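Copied over from TrEMBL:
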type    : residues                    : note
BINDING : Trp10, Leu50, Glu71, Arg128 : S-adenosyl-L-methionine binding site
Amino acid sequence: MEPGFWHDKWDAKHLGFHLGEVNALLIKYWPELALGRDSSGCDINVFVPLCGKSLDMCYLAEQGHNVLGCELSQKAVEQFFSENNLPHQIEPSDPINKFTTEQVTILQGDLFTLAPEQFTEINAFYDRAALIAWPESMRLAYVDKISALIPPKSVGLLITLDYPQEALKGPPFAVSNDWVMANMSATFEIDLLSCDDALMDNQRFVNKDVPWLTESVYKLVRKGQGARTLRS
Ligand SMILES: C[S@@+](CC[C@H](N)C(=O)[O-])C[C@H]1O[C@@H](n2cnc3c(N)ncnc32)[C@H](O)[C@@H]1O
């Protein structure tokens, strides 16, 4: 969606996507990535694109990781730090403002203005409600951008929803397993960890008579080549 759409959501406090707790699938599947500090003592630095004010960043920090979020809305970022009582520093800059606390840094601005040079330390990533936030017409541009930012060998979790798109206007948009495999396997090794019925947990979908809804969790590993040369 265009930036104005999301600024309006944050202004109007229409935040149906925001969970008041850590995502249960993150808690269940993150340990499967086995991303402890490695034997060389290397830190795990997790990129969280389109992070909102997600408490999942707190969970990742509690695992001992460093977190690098990116979020368009300044309101979202300010609320993340204030609601979690996190003292922080702000480095204002154009086009990206940097908000930092001990283990969490959020780059506030448009993801598409970020450069790979800012991501050289990243070795893990987490995408919940980010890929599925884009309509199909913008989704490939997002995949290309995160593929360009995430260094080779980085390991991450991707959580998607799928449902008959004609039954509901997104976001979230339906992303099928076929779409993920067809459009992300050039840049990521993809392992489907789970795909479960999620209709009863999503009242909005029930209210709109959406006939079925599944939620999938993928383990992704960034392959060794740059996305821009793979899909030019
Ligand atoms: C559906 S929400 C998901 C937030 C978070 N991942 C979560 O699980 O709560 C999508 C978020 O992406 C942000 N966003 C949208 N477009 C963006 C862009 N171009 N760059 C950075 N953030 C963006 C929105 O402001 C919104 O907070």
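Backbone N, Cα and C define each Cβ position, glycine as well.
No curator has checked TrEMBL annotations; they are predicted automatically.
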Number of Cβ atoms other than its own within 10 Å, given for Glu71 (S-adenosyl-L-methionine binding site): 26
Cβ-based isolation winner (fewest other Cβ atoms within 10 Å) among the binding-site residues Trp10, Leu50, Arg128: Trp10
For Leu50 (S-adenosyl-L-methionine binding site), the three-state class that DSSP assigns: coil
